[in-house]
Structure formats: structure tokens, C-alpha cells
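Novice: Quick paste from TrEMBL:
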- Asp247: active site (ACT_SITE)
- His13, His15, Lys98, Asp247: Zn(2+) 1 binding site (BINDING)
- His15, Leu16, Arg17, Asn41, His135, Leu218, His251, Ala263: substrate binding site (BINDING)
- Lys98, His135, His173: Zn(2+) 2 binding site (BINDING)
- 11-304: domain 'Amidohydrolase-related' (DOMAIN)
- Lys98: N6-carboxylysine (MOD_RES)
Amino acid sequence: MQTLTIIQPDDMHLHLRDGEALKAVLPFTARQMGRAVIMPNLKPPVVSVADALAYKQRILAALPEGSTFEPLMTLYLTDKSTPELVREAKAAGIVAFKLYPAGATTNSDSGVTDLFKLIPVLEEMAAQNILFLVHGEVTDPEIDIFDREAVFIERVMKPVLEKVPGLKVVFEHITTADAARLVMEAGDNVAASVTPQHLLLNRNDLLVGGVRPHHYCLPVLKRESHRKVLVAAVTGEKSHKFFLGTDSAPHAQSAKENACGCAGMFSAATAIELYAEIFENAGALNKLEAFASKNGARFYGLPENPRTITLVKRPQQVAPKVPFGNGDALVPMRGGESVSWTVEY
Ligand code: DOR
Ligand code: ZN
């Protein structure tokens, strides 16, 4: 049987939530990832260093016994963030600030209304060498939801990179050929995370034959031509600029299967297996380790994980549902179907 041993991966974009939900989802990530970059969009959001350090303690307390998993903490950028906060964050070991344009996605109400008013804050991020993680979508109601990433590039991303050339930017969960091109053409201070869903699915998987609420996430799935460019980007000549970030974002089944369904896909249960499928289908399994375990660590200035994990080419059934605390259930990505790789734990 085909096996593949790689350096233990990191998930550079993860939603863990809090309380019972945190306890329910964390073990899935902790058993396959060495580290994860923890998104700060809690209710209320993680805006201060004290908030982040307290959240980190709750994550560590929720880990299974003996786990060596390390959460990498981030702060939620708001209109009130200051250069001082950036210095404080750096000193406390916070790895990044996350931009949610106000109204862009789940719990983004406290997000930034005008990024150009925060240029001094971004300049301090560059000076402190702390990363700037970007949810790259405009929220202007006049812009079609499928165009929001492409418009963001022109209206925000390019001008910001020009104004603050030393800023280290992760263009998060990219979904379009436009974003892949921007990253490939930018300097080495710009990289991107890519989710399993945006590499595996297109908007037909969301809308053909009935609305599939479990495939609804933000940025929304795009057309097949974009998916193909993303696969080419993560396996191609400039693939060192792209890395694993699942954006695994749990929502209760009842909140997904709803007249106004929440955005987010829970992929943490079989994340590396899904990526293995993607790289295998692209004939690029030899590039999986760099994408999953090296490129992100390098960009974040971290050592590679000391352990390895072994994937076996043996199909596994993905559970149709996973308990989510308080009697709720989660429907994982591929739930009730199979994934062609299995991690040997
Ligand atoms: O689909 C998404 N879900 N996209 C995001 O940007 C946020 C996330 C969440 O927190 O549920
Ligand atoms: Zn996210």
C-alpha cells in the first residue's frame, strides 16, 4: 500500500470557537497538526493582548492529555487598534493581526471600516515584523458576491502593499485566479493560505441540483476555471508562496441547514487527507509536504515541526455528523462519504 511520511503539518488558518464548541473541535486539529493560527472572530472578538492570552489558556486547557499542539494567537484588527497595541502584541508573542472588513463574514461587525485610516498601525506591523492576515473581500453591497475578492485586490490590496511595502501579508483563503496572480507577482513579503474546499469544489457544488448549505463558506466558492488556477498555483513554480490554511469553521447543523445559513465548512477532521487527495489528483504528491509543513512555517519565521505523520492510501469513511456540544451536531466536509487517504495515528 502506498504510504507518505511528511513533517507534521501546521494549519495556518483555523477557527476553534470557545467553550463547548472549542472542546468538541480542538482534538481533531490537535491530532494531526503541530500548530495552528487561531482566528480571533469570537463573540466578542479577541481585540487585546489580555484577551488573546486568556483565549490561549482556554485552548491549552481543552487539549487532550499529552498533546503537544501549539496554538498561535492573533488579534482582531479594529478601527481602534493602535501602533502601541502592535508593539504590545509582538512582545507577548502574538503572531499576527487579522483584518475582517466590517460585514464581510461571520462575527465581522467589529471589523475595519476604512483600512486606509490604519496605515500607521500597518507601518508598525511592518516595523515589528508581525504578520497581517487579510480577509480579502470588499463589503460594498453594490459589488456582486462573486467579484468581491477581485475588487478588493484593486481597491485595497494593491494600494496597501504600495503604501506599506515592508508589510508581511497573508492573503487568506484565496479563491480566484486574480488573487493567485497577485501573490505570485508580489514580493516575498506576500503569501497566501488556501483551503481544501477552494481546491476541491466549485460553485456548481454549491448550487447545482439544490442548494448545499454545507458547501457555503466565505469567500464563496468560485467557478471551475478559478479552482484550476488555485491547484496550479499550489503545485507550480511559485508554490513556495502558498500554504495550508483550512479555514475550518464549525457551525451547528441547525445554523447551516437554515433559511439564512451560516458561512463556514468544518474540515478539521480530515484536513490533511483532503489536501493529499488534491495533490495526488494534480500529480504533485511530492509537493504536499512543502505546502502543508514547510512554506507556512518559513513565512511565519517558525521552525518546522519536529515530528512526522504518515498518510496511507486507504479510503476512510468521514462521519456524517460530529457532536458539537450542547446537543448540537456538526456536519464535516465530505460527511457520510469517503476520503482516499488515511492518517496513521
Ligand atoms: O466561511 C467562513 N466562515 N468564512 C469566514 O471568513 C469566517 C468563517 C467563520 O468564522 O465561520
Ligand atoms: Zn476564516
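Quick reminder: no glycine exception, Cβ is built from N, Cα and C everywhere.
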Novice: Looking at the binding-site residues His15, Arg17, Lys98, His135, His251, which one has the fewest other Cβ atoms within 10 Å of its own Cβ?
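Specialist: The binding-site residues His15, Arg17, Lys98, His135, His251 were compared, and Arg17 has the fewest Cβ atoms within 10 Å.
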Novice: Just to confirm my parser: what is the rounded mean pLDDT across the domain 'Amidohydrolase-related' (11-304)?
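Specialist: Averaging the confidence scores along the domain 'Amidohydrolase-related' (11-304) gives 97.
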Novice: Round to the nearest Å and give the CA-to-CA distance linking His173 (Zn(2+) 2 binding site) with the residue listed as 'active site'.
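Specialist: Computed Cα spacing between His173 (Zn(2+) 2 binding site) and the residue listed as 'active site' is 7 Å.
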Novice: Rank the binding-site residues Leu16, Leu218, Ala263 by the number of other Cβ atoms within 10 Å of each Cβ, and give the residue at the low end.
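Specialist: Each of the binding-site residues Leu16, Leu218, Ala263 was scored; lowest Cβ tally within 10 Å is Ala263.
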Novice: Looking at the binding-site residues His13, Arg17, Asn41, His135, Ala263, which ones sit with their CA no more than 10 Å from the CA of Asp247 (active site)?
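Specialist: Passing the 10 Å Cα cut: His13.
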Novice: Around ligand 2, within a Cβ distance of under 6 Å, which of the recorded positions His135, Leu218, Asp247, His251, Ala263 show up?
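Specialist: Listed by sequence, the hits are Asp247.
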Novice: Going by C-alpha distance, which of the binding-site residues His13, His15, Lys98 is nearest to Ala263 (substrate binding site)?
Specialist: His15
Novice: Cα-Cα separation of Leu16 (substrate binding site) and Lys98 (Zn(2+) 1 binding site), in Å?
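Specialist: So the alpha carbons of Leu16 (substrate binding site) and Lys98 (Zn(2+) 1 binding site) sit roughly 15 Å from each other.
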Novice: For the binding-site residues His15, Leu16, Leu218, Ala263, which residues place their CB under 6 A from an atom of ligand 1?
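Specialist: Going through His15, Leu16, Leu218, Ala263 in sequence order, those close to ligand 1 turn out to be His15, Leu218, Ala263.
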Novice: How big is the Cα-to-Cα gap, in Å, between His135 (substrate binding site) and His15 (Zn(2+) 1 binding site)?
Specialist: 14
Novice: Using only the residues recorded as binding substrate (His15, Leu16, Arg17, Asn41, His135, Leu218, His251, Ala263), report the maximum Cα-Cα distance in Å, whole number please.
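Specialist: Pairwise Cα check on His15, Leu16, Arg17, Asn41, His135, Leu218, His251, Ala263 gives a maximum of 19 Å.
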